[in-house]
């Protein structure tokens, strides 16, 4: 039995959204590495780069929401903004700052291997905040991912402890941000798409980054008299960063967050291959063995989440079917009672 034209079109569109997201995510990561690495563009100012991204994204988000009104803003009180968005913005600022800083010290391939710890961090923080229940089998899975990443780190040819510390901090802050989004926003019925998220969070993130920028990078930039703002490099880099947010909106909105997680695994392998073949980063067999163990753990984690979602959906459908069956029985009983009363009359 052949698939209908509508189904084929939907499948092809889903693959297109995945391909666009992988391409843009790939581009932003490699572009940031190119700008920050001493051996490439040699502009080692991760806070400044992140602030350029946030300033650009804030401006475009404002235009889309307030000027062109292409996206509806979310109804949000000042109290909710201060208690929910501000902490999320602070964590986002720290996550981006440390993540971009890691590119100065570590290879693209090794950073992707360390990012495999994200499910471990999200689950662990979720348990601490009582958002997720503690399950021994899930924790065992988290341990297997951690062991895989540890083996990959052991096999890293150019291991840099400072770079690893920065990337691990970035993972921890990003995981905390994701958990807080569920607790502070989603639990209150507020859902932010990437555009409204940038509209509310990016300016807050920019302000938080100003403090370390003034202390850490501004004095160095002042001393670097030869520095000039390259509009082509930073402009195209910022456009790619904003386009990536739009791609996230398309991918999650038209498919699911789980699809994005699976696509992320494919992107990581492509980045590792690119890092080894084009950038000429050293990828050792121990690296690959460790990452393969972590990859299998992440794949199992995604599979378990998919099964849980299917079970939840089946439970909801069963409850809905039971309610509909109950209504039908009530209607039939009502009709039967009505006919009986007519007969008696």
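Numbering starts at 1 and runs along the chain as displayed.
Cβ from N, Cα, C; glycine included.
Lifted from TrEMBL, the feature list:
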| type | residues | note |
| --- | --- | --- |
| TRANSMEM | 12-31 | transmembrane segment |
| DOMAIN | 16-302 | domain 'Sugar phosphate transporter' |
| TRANSMEM | 43-68 | transmembrane segment |
| TRANSMEM | 80-98 | transmembrane segment |
| TRANSMEM | 104-126 | transmembrane segment |
| TRANSMEM | 138-155 | transmembrane segment |
| TRANSMEM | 161-185 | transmembrane segment |
| TRANSMEM | 197-215 | transmembrane segment |
| TRANSMEM | 227-251 | transmembrane segment |
| TRANSMEM | 258-279 | transmembrane segment |
| TRANSMEM | 285-302 | transmembrane segment |
| REGION | 322-345 | region 'Disordered' |
| COMPBIAS | 327-345 | compositional bias 'Basic and acidic residues' |
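The transmembrane segment (227-251) makes no contact with the transmembrane segment (80-98): fewer than 3 of their CB pairs lie within 8 A, with pairs spaced 6 or more apart in sequence.
When each of 12-31, 43-68, 161-185, 258-279 is scored by its Cβ pairs under 8 Å to the transmembrane segment (104-126), the top-ranked stretch turns out to be 161-185.
Proximity of distant same-chain residues to the transmembrane segment (161-185), defined by a Cβ-Cβ separation under 8 Å and at least 6 residues beyond the stretch ends, is recorded for 83-85, 87-88, 91-92, 94-99, 101-102, 104-106, 111, 114-115, 117-118, 121-122, 124-126, 129, 131, 153, 191-192. Tertiary neighbourhood of the transmembrane segment (138-155): same-chain residues 110, 113-114, 116-117, 119-120, 123-124, 164, 284-298, 300-301, 304, selected by CB-CB distance under 8 Å and a gap of 6+ residues from either end. Of the two recorded stretches, the transmembrane segment (43-68) lies close to the transmembrane segment (197-215), with three or more CB pairs under 8 Å once pairs fewer than 6 apart in sequence are set aside.
When Cβ-Cβ distances below 8 Å are used as the criterion, the transmembrane segment (12-31) is approached by residues 108, 236-237, 240-241, 243-244, 247-248, 250-251, 254-255, 259-260, 263-264, 266-267, 270-271, 274, 279 of the same chain, each at least six residues removed from its ends. Across the domain 'Sugar phosphate transporter' (16-302), the model assigns an average pLDDT of 90.
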